[in-house]
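Participant: Relevant sequence annotations retrieved from TrEMBL are reproduced here:
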- 25-47: transmembrane segment (TRANSMEM)
- 243-263: transmembrane segment (TRANSMEM)
- 289-309: transmembrane segment (TRANSMEM)
- 314-333: transmembrane segment (TRANSMEM)
- 339-359: transmembrane segment (TRANSMEM)
- 380-404: transmembrane segment (TRANSMEM)
- 526-550: transmembrane segment (TRANSMEM)
- 556-589: transmembrane segment (TRANSMEM)
Amino acid sequence: MGCCGSTERTKREWRPLEDRSCTDLPWFLLFTVFCVGMGAICGFTVVTGGAGRLIFGYDSYGNTCGQRNEQIEGVRLSGLDHTDRKFVFFLDPCNIDIIQRKIKSMALCVSLCPTEELKTHQDLKRFAMLNGSELCSYELAAHKYPNLPERFSKCPKLPVPSSKPLPVFNRCTPVDISCYAKFAEAVVTFVGDNSVLHRLIAGVAASKEIIIGLCVLALGEKEKHGPLSICTLDNLTSLTITLPLTLSAVGCSAGTSVLWWLYIDHRLYGNDTTPKEGLEVSRDSGQALLVYAVAATVFTIILLLLMLFMRKRVALTIALFHVAGKVFIHLPLLTLQPFITFLALLLFWIYWILVLLFLGTTGQLTGPLQYLTWYHAVGLVWISEFILACQQMTVAGAVVTYYFTRDKNRLPVTPILSSVLRLVRYHLGTVAKGSFIITLVKIPRLILMYIHNQLKGKENACARCLLKTCICCLWCLEKCLNYLNQNAYAATAINSTGFCTSARDAFVILVENALRVATINAVGDFVLFLGKILIVTSTAFAGVLLLNYQRDYAEWLLPLIIVCLFSFLVAHCFLSIFEIVVDVLFLCFAVDTKYNDGTPGKEFFMDKALMVRRSSC
């Protein structure tokens, strides 16, 4: 279960094993028990009525609408029979607490939402008499509404807007949502002029068809032209590496040559044209030029030597990107992984939010029950990281299968599905353990961020600096662990070893190839960033053309921002998978180089593009 005392073999063949075994089984059992606990919290909220109160709604006296209620001690008008009153009605639905983001109005259970505007208390009486739905507080008689002195505090604010019940959640909601404009304007506080906000919202509403079309275009750039995007990245890698290096070398050499030319020119001709009273200044200028020329020469020599020393490793990065393109061509379903992962995360987040709302409507959680919310919060982080780790393991397994299959025509029919099946059958415990380690780092960082946000403007400079330092350190640690976990999953996909053994083996391989790792990460991240910019700018360019063509769309800035954000999300999801593929390919390449030498019985598995770079690196 732990990292120490592992009984797994220390010498491995470093190739995909056909005969696999379950890894980190205790962690799989622990994660299963934890998930059962998450389900038990949901069951608790259902049994205690929290789920019912959220779905069916409840009034200001604690009565759940649509059912018979029990008397709550000390609460008047509780314990009423609301079997026929199934809808929640707010006396003043537009009275919104901006700070708490909730409706402050009194809530009642009614049998029917008003379907037309009611302008007077006489209209309230007529509506109650005709439909049997009393819209004033329960203790007031409907036929006395127009004459009761309490009608101004315990009846709806006039005029009562027409409303209809929300699907599933039985709340009477005004048909005209203009009363919520104040709330919307408060949310976007960065907009000083409300007319600007209204114009932007109108622009979004008017150009919704173009927004949808551009979002589909962003998806199409990723899906339909997947191989084209990979080829573009391949060429982009070569161009963005070769061009800056060439320009840097030429620029530094030219600058150094100019400085030496100026110095020589000054020595040869400067003294002849300089008056005697300016000889001291001329001498100082010559010395300054000499210092500049020497410093530029040293810098240029170091740069050229560094470029000469690193050129082969840069060439390896280009080769890895080229092979990664072949992986996507042979495994096109890899492009669907971000959407499957996002769908899984979205479903889990919806479930998590619903259960959290159920907990909020359950009632006062005291004693040991108060820790249910904390347990639920930990579950959000751990299970989210588990889903992301499953994606990493799935991609790693498919790439490992591709790399270590000599004849690519003999690849499994669906390598992605085979990788998923291996994950579910053998390695869920490893994924659970890796994601738990990330959770242990992420939760303290989130807590510190919350404390820093709560104390903003109250803490002294030293405490603020200390908090930011701790948050930054934990963030860096989380990123390092994420990278190590990803390589550990790849090692597990190869050797079917547990998490700690795989992490140790992967760490040793990475340390042995530290310069290669640094080069690939630096160059690769820059190229992937350019790839994201390429997708966003191409979508934005199409958006400008379309929105500008529609001359009636006076405010198209906000629609364009929405489209750019969506296209960036799509680009980030796709290129994050590409980055995982490159990292896994490099680990396989490093293992292949270390344990094979090309002799009979130890033939290389690597692609020809990598074979060319092997000896030169």
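Cβ coordinates are placed from backbone N, Cα and C, and glycine is handled just like the others.
So where do these features actually land, and what's packed around them?
Facilitator: When Cβ-Cβ distances below 8 Å are used as the criterion, the transmembrane segment (25-47) is approached by residues 1, 351, 355, 358-359, 361-362, 372, 375-376, 379, 382-383, 386, 428-430, 432-433, 436, 499 of the same chain, each at least six residues removed from its ends.
Remote same-chain residues near the transmembrane segment (339-359) are listed as 38, 41-42, 45-46, 50-51, 54, 365, 372-373, 376, 379-380, 383-384, 387-388, 390-391, 573 (criterion: CB distance under 8 Å, separation of at least six residues from the stretch ends).
Cβ atoms under 8 Å from those of the transmembrane segment (380-404) belong to residues 15-16, 31, 34-35, 38, 327, 330-331, 334, 337-338, 340-341, 344-345, 348-349, 352, 411-412, 415-416, 418-420, 422-423, 427, 430-432, 434-436, 438-439, 442-443, 446, 485-486, 489-490, 492-494, 577, 580-581, 584-585, 588-589, 592, 605-606 of the same chain, restricted to positions at least 6 beyond its ends.
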Participant: Cβ under 8 Å, sequence separation of at least 6 from the ends of the transmembrane segment (243-263): give me the contacting residues as numbers and ranges.
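Facilitator: Here the qualifying positions are 286, 289-290, 292-293, 296-297, 299-300, 303-304, 307, 311, 314.
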Participant: Residues sitting near the transmembrane segment (289-309): Cβ under 8 Å, six or more positions beyond its termini, same chain?
Facilitator: 245, 248-249, 252-253, 255-256, 259-260, 262-263, 266
